[in-house]
Structures are given as structure tokens and as C-alpha cells.
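Student: The following feature annotations were taken from TrEMBL:
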- Gly125, Thr126, Gly127, Thr128, Gly129, Asp148, Trp177, Asn192: S-adenosyl-L-methionine binding site (BINDING)
- Asn192, Pro193, Pro194, Tyr195: substrate binding site (BINDING)
- 12-79: domain 'Release factor glutamine methyltransferase N-terminal' (DOMAIN)
- 110-199: domain 'Methyltransferase small' (DOMAIN)
Amino acid sequence: MGSSVPSIGQTWRAIRDRLDTAGIPMAALDARLLVRHVLGLDATGLILSESDPVPGGKVSDLESLVARRLAGEPVARILSVQEFYGLDFRLNPATLIPRPETEMLVDFSIEHLKSHPAPSVADLGTGTGCILLAVLANLPKASGVSVDISADALDQAQANAEALGLADRFGARHGSWFEPLGEEKFDLIVSNPPYIASATIETLEPGVKSFDPMAALDGGPDGLAPYRIISAQARAHLVRGGVLALEIGFDQGHMVNELLSSEGFCDIAIAKDLAGHDRMVTARVPK
Ligand SMILES: C[S@@+](CC[C@H](N)C(=O)[O-])C[C@H]1O[C@@H](n2cnc3c(N)ncnc32)[C@H](O)[C@@H]1O
């Protein structure tokens, strides 16, 4: 008589099939991540445990996470962690799940600052701290401050800085945009602000509108409210020749370009993401 307890391999494949049947993309990856999380296994551990039985006490834990995924909750939210730029960022309910397209702000920042002897960076609307912390992890002489209006998000960014061993070059400032920065000036200001028009939020997929915090999404009536504030005030917080890099929505490049040029920025450039959508605007303060 064989055991009726399913093996770990059978279990993750059965979960994969349930997620796939429910139309969830990346069903296989999600199934493996959920099983690994509940059983405390890394990727290799999952392979090596293929034939082992799922411990009895873990079956209901796993089932409750699968139910959450089937209800549309993103895996990153369920596990409270998201990989970004090769680093793990812990999440809390006040933080946006870092998105892969935001990595292009990190690419740009590293490339722009790599020859600078000791660059300073401000990250406005930091969430998990992912942009600034990925920059600091790759530029050992850089330091920076993270600003967020959400004290809970900022607490998570601070915890992530500590977990990544970057806290000595990282500062957390609570408040709205430039308000907590006093007179400070930076070599680079980066921001991925909320940029969804308020009325559009209702139309977003459930995994976004129900599980990402509203303060991370809502960019006001036309989605441009944060860009108006940032473009009007950034020059006062950048050194001469300092640079601003902003993530934008796919249809906002033209308007953000206009805002920045009316504030006297030069070398304004719009860059596309890997999907071919306008995703980042960069601009420089004249020297
Ligand atoms: C789109 S999320 C980006 C989070 C993170 N930088 C990322 O790329 O994953 C925007 C962030 O801006 C913050 N935020 C919204 N309004 C703000 C304000 N007035 N001042 C500072 N931060 C603000 C939100 O709390 C949220 O963390």
C-alpha cells in the first residue's frame, strides 16, 4: 500500500494546475514560491525534497495561501517580499510592490553617478526604498535620503536598508516631497511618484487596485499632480548640473517634458521601457 500523503513535488504541481485553471499567469512560478515559503525551502531545497511528503501541519497553511492567490492577491503581497535589482525588499501594506520597469531608474542612476567621487541622491516617494537602496548597493561611495508621506512605508524602507547592510549611507525623512529636506541639495533626485489619474484607478486590475496602497497610485485628477510639485521645486534641491530622473506613465512623457522645460531644465530626454513604452524622463539643471 502506498502512502496517501502527496509528495512535495506532486503538491506544487497540483497547485500550479489550480492556479493555471483559474487563469493566473506565471502559475508554475507562483506555486513553487508558495510551497517554498510555507516549507521554508530555497529553490534547490524544493528540488531535493521532490519526493518527501508535505508535513501534515503545513497543509492548511499552504491551502490558505493558495486561496489568497486564487482571490487575486499577488504572490509578493502574500509573501511580503519582492526581488528588485537582484535584492530582496520586504513589503508592508503601506508599500508598493516594486515593479521591474522601475529598474531602469536604477540603471540610469548608476550609469550617471558611477564616476562621481561621493554622489548624493534623494528618492522621493521611496516606498520600500527599492530605487535608492539598489543604487547604494551598486555605488559604494554614494549616500542618500528617502522621503515618503507614509510613516509606515518609511519604516519599511529603513528596515530594508538595515537588512541590506546599507543603513550607514541611508537616511529616512518623513513628509511630503521636498518638505522634509530643508535646504539640502543633491547630485541626483529620483522619483517614481503616484501617477495614475484618480478616475482610472477603478479600472486597474484587482491585484493592483485592491492590494497596492492608494497613496502609491493616485496622482490626482490627471495623474500629473506630483510631477507639477516635483518639477517646480526640484531645482532648488539640485546642485548645478544636477539631474532629475522620473518614472512616468506611458502617455505622460509629453506633459512632463513641458513641465520640466517650463521650469528651466535642460537636456530633457524620454526613455522607453523594455515593452517599448515611454517610462522615464530625465533632465538636468543648467551648469
Ligand atoms: C508609485 S509608489 C513608488 C514606491 C517606490 N519608489 C517604488 O518605485 O516601488 C509612490 C510612493 O510615493 C509616496 N507618496 C505619495 N504622496 C507623497 C507625497 N506627497 N510626498 C512623499 N511621498 C509620497 C507613496 O506613499 C508611495 O510610497
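Each residue, glycine too, has its Cβ placed from N, Cα and C.
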Student: Ligand 1 is in the model; which of the binding-site residues Gly125, Gly129, Tyr195 have a C-beta less than 6 angstroms from one of its atoms?
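Tutor: Gly125, in sequence order.
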Student: Filter the binding-site residues Gly125, Gly129, Trp177 down to the ones within 10 angstroms of Pro194 (substrate binding site), Cα to Cα, kept in sequence order.
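Tutor: Near Pro194 (substrate binding site), where near means Cα within 10 Å, the binding-site residues are Gly125.
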Student: Which of the listed binding-site residues (Gly125, Pro194) has the least company, meaning the fewest other Cβ atoms within 10 Å of its Cβ?
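Tutor: Lowest Cβ count within 10 Å among the binding-site residues (Gly125, Pro194) is Pro194.
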Student: List, in sequence order, the residues of the same chain other than Asn192, Pro193, Pro194, Tyr195 whose Cβ lies within 8 Å of the centroid of the Cβ atoms of the recorded substrate site.
Tutor: Gly125, Ser191, Ala216, Gly219, Pro226, Glu247
Student: Which one, from the binding-site residues Gly127, Gly129, Pro193, has the smallest tally of other C-beta atoms lying within 10 Å of its C-beta?
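Tutor: Output over binding-site residues Gly127, Gly129, Pro193: least Cβ neighbours within 10 Å is Pro193.
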Student: Could you tell me the C-alpha distance between Tyr195 (substrate binding site) and Gly129 (S-adenosyl-L-methionine binding site) in angstrom, no decimals?
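Tutor: A Cα-Cα distance of 18 Å.
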Student: So, in DSSP terms, is Asp148 (S-adenosyl-L-methionine binding site) helix, strand, or coil?
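Tutor: In three-state terms, Asp148 (S-adenosyl-L-methionine binding site) counts as strand.
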Student: Which value does the mean pLDDT take for the domain 'Methyltransferase small' (110-199) in this predicted structure?
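Tutor: Across the residues of the domain 'Methyltransferase small' (110-199) the model's pLDDT averages 98 on the 0 to 100 scale.
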Student: If I restrict to non-local contacts, at least six residues apart, and a C-beta distance under 8 angstroms, what lies near Thr126 (S-adenosyl-L-methionine binding site) in its own chain?
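Tutor: Result: Leu132, Ser146, Val147, Asp148, Ala153, Leu154, Ala157, Ala172.
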Student: Given a separation of at least six residues and a C-beta threshold under 8 Å, show me what packs close to Thr128 (S-adenosyl-L-methionine binding site) in the same chain.
Tutor: Gln82, Phe84, Phe89, Arg90, Leu91, Thr95, Leu96, Pro98, Ala153, Gln156, Ala157, Asn160
